[in-house]
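Working notes for the structure below.
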Amino acid sequence: MLEPLNEGFLSRISDLLLCRWTCRHCCQKCYESSCCQSSEDEVEILGPFPAQTPPWLIASRSSDKDGDSVHTSSDVPLTPRTNSPDRRCSSSDTSKSTYSLTRRISSLESRRPSSPLIDIKPIEFGVFSAKKEPIQPSVLRRTYTPDDYFRKFEPRLYSLDSNGDDVDFLTDEEILSKYQLGMLHFSTQYDLLHNHLTVRVIEARDLPPPISHDGARQDMAHSNPYVKICLLPDQKNSKQTGVKRKTQKPVFEERYTFEIPFLEAQRRTLLLTVVDFDKFSRHCVIGKVSVPLCEVDLVKGGHWWKALIPSSQNEVELGELLLSLNYLPSAGRLNVDVIRAKQLLQTDVSQGSDPFVKIQLVHGLKLVKTKKTSFLRGTIDPFYNESFSFKVPQEELENASLVFTVFGHNMKSSNDFIGRIVIGQYSSGPSESNHWRRMLNTHRTAVEQWHSLRSRAECDRVSPASLEAT
């Protein structure tokens with residue numbers, strides 16, 4: 001039989017388990033920890049603090065501010081609450097233990113090296129006041145004046161005129177007196193039923209005398225004017241009037257139709273260019289007139305007399321040529337299709353032109369073969385659709401060049417040169433090189449591409465194959 005446990009032993013066990021201030025070394029309930037001599041450098045407090053602020057903490061804060069600690073009778077003593085009747089302490093014992101603990105902590109704080117005080121201001125979020133201090137400094141940005149802003153632009157890049165003068169604010173009389181290039185009479189009318197724009201070129205007056213660039217012009221007193229019409233930004237699909245011989249007051253009375261939707265027509269700009277034809281020299285641009293179609297009533301239509309202004313394009317384009325290339329490696333044949341040309345330079349005053357195309361195969365720097373199309377009478381937009389085949393072995397293909405030259409047929413004298421391009425080893429430009437490269441990469445497949453004609457001097461300067469052609 002087990003003897004009943006001593007009542008005093010059970011009381012000690014309960015006090016040991018429930019006491020908040022028990023020394024960890026001897027497991028004895030001791031408020032001052034006098035039973036174990038711990039070093040002054042380390043003081044450990046077991047258990048959580050009471051809900052209210054301890055008096056010793058209030059005393060330390062007061063000593064930091066005023067230099068002395070003040071204890072009031074209203075402070076709640078730091079006394080653990082126990083249920084053991086024989087372990088109760090008086091208020092004097094509590095005050096004594098509190099004073100002893102405060103003295104030990106104060107001695108530790110006096111030995112601790114002092115750290116600098118940092119004044120940290122709280123950051124307030126969502127509070128708007130008149131005296132609000134910015135948390136971060138604002139980024140300094142450079143202020144630009146209007147002069148600095150517009151100094152970045154180069155007006156000459158956005159000018160439509162070669163001389164850079166602004167003619168938008170000048171009247172027709174002021175433009176005529178300033179440039180003295182004459183005036184042009186024309187009209188516009190849009191047909192909503194058929195969705196096309198009709199441009200009527202009526203006449204011109206007071207055109208200046210012709211200008212000769214190379215001294216080969218015979219008649220220096222009269223011009224041979226004609227007008228080119230296009231809707232910007234599309235300059236490829238242009239129209240051209242007939243040439244009026246030896247006059248400074250030509251009467252054209254010609255109508256031209258552009259198939260274009262009404263909303264698209266309002267975004268275009270009508271460009272009329274007056275050109276002086278010269279068979280023995282270069283065609284020279286006399287002047288131009290540009291009219292934004294959004295500023296006129298297209299449905300109602302109207303007639304205008306507009307003064308000509310100088311054009312940045314002094315020479316007329318020579319035209320374009322549509323070609324197709326195809327190579328058959330098994331047969332060693334290079335097939336060439338001359339499909340059509342458009343807007344060729346006019347070489348005859350009365351009949352326009354009688355154009356044909358000469359194709360010449362040049363291997364290295366040696367002329368090998370020459371072929372040509374038939375000529376079409378009285379047109380500057382010929383349709384050929386003629387095919388030609390050249391014998392070129394595959395090992396010689398990389399050294400081959402094709403020279404395409406457009407002439408105006410002339411029965412009385414030598415043929416009139418219109419334009420030229422070179423495709424192959426010695427191409428005359430990047431567009432021609434691209435066409436030849438596409439053909440080499442796609443054998444047995446026809447490759448079509450438009451090419452802008454160049455002058456003979458330009459081709460001779462960049463392509464040795466052009467020097468071998470006739």
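Easy rule for this one: first residue shown is 1, then count along the chain.
Quick reminder: no glycine exception, Cβ is built from N, Cα and C everywhere.
Sequence annotations record features per position, and here TrEMBL assigns compositional bias 'Polar residues' to 70-83. The domain 'C2' feature in TrEMBL is assigned to 180-306, 317-451. Under the heading region 'Disordered', TrEMBL lists 57-98.
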| Between 0 and 100, where does the mean pLDDT of the domain 'C2' (180-306) sit? | 87
| Using DSSP, how many residues in the domain 'C2' (180-306) fall into helix, strand and coil? | 7 helix, 65 strand, 55 coil
| Within the domain 'C2' (317-451), how many residues are helix, strand or coil going by DSSP? | 18 helix, 69 strand, 48 coil
